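Heads up, the thing below is written out as structure tokens.
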Amino acid sequence: MNNSTGLTVNDLNRVNDEMAVILQPVIAIVCVYMIIGLLGNPLVIYYYGCSVKPSPSYYFIVAVAVFDLIICCICIPLEIIDMMFSYKFPSAIGCKMFRFVNYFSSMGTGFVLVVIAIDRYRKVCQPFKTQITMKKAKTIIFIGCFASACISWPIFVFYDIHAVSITSVPGLIGYDCTTVREKQYKLFILIFNGVCFLIFLVSIITLTVLYIFVGKKLCYLKRFRFSTTIEKPFKNIETRPTTSSGVQSHSGRFKHDISSSPKLIQLMKINKRTYTTKSSVYNPGKQNAKVSFPESTQNSNKKPPLLTEKTFSTLIRTYIKEENSLNNSGQTDSNVISDFADSDSDARNSKHDFRNVRQRRLIHTKKKVRDQYIHLKKYTLLMFSVSLAFIVSFLPYLALMTWRTVVPQHEGNLMTKDQLVAYNICIRSWIISSVVNPLIYGFFNADFSSFVFGRIKRCLFCGSKQKYETNSKQESSHTA
């Protein structure tokens, strides 16, 4: 490698292997990240993409899961290679592609999460405005991919195999996949990192503001929606008026109970035959009330008067009393009175059944509204948690990337072993958001958890069943 000082490739291999041993804890942690991501993200894609009814919100979840799966399939293995070959990264093209896919997937995820926050805000705070459709969701995802590619393309210029002086062995030169350290690129790299940090900051502010509005609206719905949905309909359950003024104000509301009764019309005709148009109704303890009847048969085409239950009951009792005192009513009239009394009882039962139906309907409405509110709240909390995990996971990475750009020396020459381990864990903190998202989905979505456990049980059961069938066949062949 550096023959002038007597150093060889073996020396470089030895130093590289020593660094790989130091970074073994980091490699183990990243391997765990990769396994969880490779198992969880395909399940998320399959569940939200194939097992549930399609919706724009689920399209966005699938898009985030696809970006996360790309990170787990491409970026994390290359991160492991980067740590195993800290001083002799094998390929410059691989280095550029590795960093580009890293930035592209991260930018795409952040863009989709901002769109999800906007979608949540519109559905919760502006439910009567135009919402994002499935076609618009696909278009937005495509635009996000294109924008991420446009922002990430400078990576092909700023990342390369860079020569690194190894201070532990004077004169030894290694090669690492990192940002170029030439002075002519330093300003452009600072501008690029500044733009990325500005995008990240704007995304944080947007997500925070939108979810604050959404949270306030959900609290308002929790406090008032149930009461206004349940109490007001009960107030709207009609009761028959008990005064003459109430009869006039409620005209037309209970005609099916009284006015349309043929027995009532027949009763009025009987009363018309015997008494005058104005009959006094006996009401003990109060002044006699006047009840109006049709004056002549020429007005029979008009609708009969609307009476209350209380007035009608008094009318019936008075009529029976007067008929008995005069002894002029025939058997037919008595039958009419009896039938009308039965009709009045049926009207009371009908009123009771009507109230029961309304109450059952309102209970069903309450349950439906509560379920919708719970679903809205859970989905909003789910996406807020995903966004929060994305923000928290990228903060250490962006801070250390800015520090690496400012400091010209390689981190391996500045830090102790423990500091190197902590540095490499923190600079790869952005991987965490791609790994924890399936866990967040499982925590907030019981259906997704049941789906995952069902698939696991099915795989285990199928494996056990096949093993049992194989053993049975072997035993039968031996006995044969």
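Just so you know, glycine gets a Cβ as well, placed from its N, Cα and C.
If you look up TrEMBL, you'll see 40-441 marked as domain 'G-protein coupled receptors family 1 profile'.
Positions annotated as transmembrane segment by TrEMBL: 20-46 (among others).
Summarising the annotation, TrEMBL assigns transmembrane segment to 58-80 (among others).
Annotated transmembrane segment per TrEMBL: 100-118 (among others), in sequence order. Cβ atoms under 8 Å from those of the transmembrane segment (100-118) belong to residues 57, 60, 63-64, 67-68, 70-71, 74-75, 132, 140-141, 144-145, 147-149, 151-153, 155-156, 159, 196, 199-200, 203, 206-207, 210-211, 214, 383, 386-387, 390, 394, 430, 433-434 of the same chain, restricted to positions at least 6 beyond its ends.
Residues or ranges marked as transmembrane segment by TrEMBL: 139-159 (among others).
The transmembrane segment annotation in TrEMBL covers 188-214 (among others).
Sequence annotations record features per position, and here TrEMBL assigns transmembrane segment to 379-400 (among others). Only residues 6 or more beyond the boundaries of the transmembrane segment (379-400), in the same chain, are considered here, and those with a CB under 8 A from a CB of the stretch are 57, 64, 106, 109-110, 113, 116-117, 120, 124, 193, 196-197, 200, 203-204, 207, 211, 214-215, 218, 423, 426-433, 436-437, 440-441, 443-445.
Counting only same-chain residues 6+ beyond the ends of the transmembrane segment (420-444), those with a CB under 8 A from a CB of the stretch are 19, 22-23, 25-26, 29-30, 33, 36-37, 39-41, 43-44, 61, 64-65, 67-68, 71-72, 75-76, 79, 83, 102, 105-106, 109, 378-379, 381-382, 385-386, 389-390, 392-397, 400-401, 404, 411-412, 452. Here TrEMBL flags 420-444 (among others) as transmembrane segment.
Between the transmembrane segment (139-159) and the transmembrane segment (188-214), three or more CB pairs separated by 6 or more residues in sequence fall under 8 Å, so the two stretches touch.
Only residues 6 or more beyond the boundaries of the transmembrane segment (188-214), in the same chain, are considered here, and those with a CB under 8 A from a CB of the stretch are 103, 107, 110, 113-114, 117-118, 120-121, 124-125, 151, 154, 157-158, 179-180, 380, 384, 387, 391, 394, 398, 401-402, 405.
Within the same chain, residues 61-62, 65-66, 68-69, 71-73, 76-77, 79-80, 83-86, 417, 420-421, 424-425, 428, 431-432, 434-435, 437-439, 441, 448, 451-452, 455 sit at least 6 positions outside the transmembrane segment (20-46) and bring their C-beta atoms closer than 8 Å to a C-beta of that stretch.
For the domain 'G-protein coupled receptors family 1 profile' (40-441), the model gives a mean pLDDT of 73.
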